[in-house]
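What TrEMBL says about this protein:
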- 33: active site, proton acceptor (ACT_SITE)
- 173: active site, proton donor (ACT_SITE)
- 6, 64, 140, 141, 142, 143, 173, 174, 175, 195, 196: substrate binding site (BINDING)
- 31, 33, 64, 173: divalent metal cation binding site (BINDING)
Ligand SMILES: O=C(CO)[C@H](O)[C@H](O)COP(=O)(O)O
Ligand SMILES: [Fe+2]
């Protein structure tokens, strides 16, 4: 399983050090949570920060857009250095158009769904996706508890993915920690986003090792 480190709960006053520590610890991707205060009840950052992070790491930048009408900003995030761009199916009238635009920009395209959205929302678009992101908390904040019914949804998504697009990665986001990572992995996740279980004041390497030990 791959780990995408979400910087949402990192110390932004020492973001360079936090990211470089995560890179040395062996995380696979850096996950950037973009929030607009409309789609979710929180505000974070935009392309300027993605560009700054691009300058401090060579790891793939996995940009999770929690913003309404994300098509307005796809080009900006692509130019800022995003490698993967994920939009929410609930945030746009035209998710297929957004996914095609991301691929035209030369980036890997992801589609995300909220915990309250039926899995079937993935069905028409799965053949076009590089990433299918399943939210396992309500988007907006780090450090929330994993919603237990998500595990069955991961299994369902894996069945859909295996049938419609075996090359698409299943990414799970929210509440992944040493207590939940085993069940997320067994249910079929390829990538786990981890925020507060990695950036919490303790060394990132120790935190990542604790997650990997569960999987062994
Ligand atoms: O998209 C997100 C929240 O909307 C974050 O990626 C997610 O919450 C990660 O943080 P944690 O691992 O602490 O749950
Ligand atoms: Fe996220």
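Placement of Cβ uses the backbone N, Cα and C atoms for every residue, glycine included.
Curation does not apply to TrEMBL; its annotations are automatic.
Note that the structure is predicted; figures quoted are calculated from it, not measured.
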Excluding 31, 33, 64, 173 themselves, the divalent metal cation site's Cβ centre has within 8 Å the residues 4, 6, 8, 32, 62, 63, 86, 133, 193, 195
Among 140, 142, 175, which binding-site residues lie by ligand 2, judged by Cβ under 6 Å to any atom? none
Using Cα positions only, nearest of the recorded positions to residue 31 (divalent metal cation binding site) (140, 142, 173, 175, 196): 173
Compute the C-alpha separation of residue 6 (substrate binding site) from residue 173 (active site, proton donor), stating it in Å without decimals. 9
Please report how many Å separate the Cα atom of the residue listed as 'active site, proton donor' from that of residue 142 (substrate binding site), as a whole number. 10
Using the alpha carbons only, what distance in Å do you get between residue 142 (substrate binding site) and the residue listed as 'active site, proton acceptor' once rounded? 10
With an 8 Å cut-off on Cβ distance to the 6, 64, 140, 141, 142, 143, 173, 174, 175, 195, 196 Cβ center, who else from the chain surrounds the substrate site? 8, 9, 33, 137, 139, 144, 193
Can you give me the same-chain residues 6 or more apart in sequence from residue 175 (substrate binding site) with a CB-CB distance under 8 Å? 136, 137, 144, 145, 146, 147
